[in-house]
Amino acid sequence: MRRCCEGVGLPCLFKGVGMASPPPPKYLLVFDFDETIVNENSDDSVIRAAPGRELPERLRQSCRDGSYNEYMQRVLAYLGDQGVKMGDFKAVYENIPLSPGMPELFQFLSKNQETFEMILISDANMFGIECALRAAGVYSLFRKVFSNPSGFDKRGYFTLGPYHSHKCLECPANMCKRKILTEYLAERAQEDVEFERVFYVGDGANDFCPSATLTSSDIAFPRKGYPMHQMVQEMEKKQPGAFQATVVAWESATEVAQSLQEVLKKKC
């Protein structure tokens, strides 16, 4: 159950007696990062900092399904050996372009911060995401960012770790976004914040897992033609009605903004 004061039709304005508190956000908006907020896979982008902008063949061939986080640890160690420093990585992340329409979507969200609570769940890394979001001027819009821990060691090497362990058989070993989203909703409920609706904006296969838990009142925004969208379509063919959320596929994030505007209009 997500509704605040369900059956009353009014936001919860009071806690206890006398003192009014601001109403909680009505909606949770969840973003992926790579090829959603930004128009590239940021793990691939860092290769631009490598000598000759490429990796050795042996390193490229070492990538295995389900172990991408470990592969990126090797890539970053190689880049460290080549003398790539924090400033080099920062410059790459700060210059990754936003996806089409994303600036307009963020402009809309910045005007409606009291209505939308925003979080980001990404299998990239904390350092890169923060660099990119700060460069775009939108870091402060997010209440929380969930991503793989990263930093720089004594040698100045960029280091990366797994986010957590989990038992989901569909997701890479280092991160299950469904687990993160489920735990976040439970945590906010304990803080007396329950959302009327959840909106999920993503593109990848690892975005399908959390979006499959959405309810019929929620909206999934898969990027058109990307793995998340394809997996939603496949589920609909095999099990009509199994994917409960409304699906709004997008090519430009302005389409996401338009859908969210319609949600607000219907509430008025």
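The backbone N, Cα and C atoms fix where each Cβ goes, and this holds for glycine too.
TrEMBL labels come from automatic prediction, so no person has curated them.
Given the structure is predicted, the values throughout are model-derived calculations rather than measurements.
Positions annotated as active site, nucleophile by TrEMBL: ASP32. Annotation comment: TrEMBL describes ASP34 as active site, proton donor. According to TrEMBL, the Mg(2+) binding site annotation covers ASP32, ASP34, ASP203. Marked as substrate binding site by TrEMBL: ASP43, ASP123.
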ASP203 (Mg(2+) binding site) and ASP32 (active site, nucleophile), Cα-Cα, nearest whole angstrom: 7
Rounded to the nearest Å - Cα separation of ASP123 (substrate binding site) and ASP34 (active site, proton donor): 8
Residues within 8 Å of the ASP32, ASP34, ASP203 Cβ centre (excluding the Mg(2+) site residues themselves): PHE33, GLU35, THR36, ILE37, SER122, GLY202, GLY204, ASP207, ARG223, TYR226, MET228
Rounded to the nearest Å - Cα separation of ASP203 (Mg(2+) binding site) and the residue listed as 'active site, proton donor': 8
Cα distance (Å, whole number) from the residue listed as 'active site, proton donor' to ASP43 (substrate binding site): 8
Listed binding-site residues (ASP43, ASP123), ranked by Cβ neighbours within 10 Å, top entry: ASP123
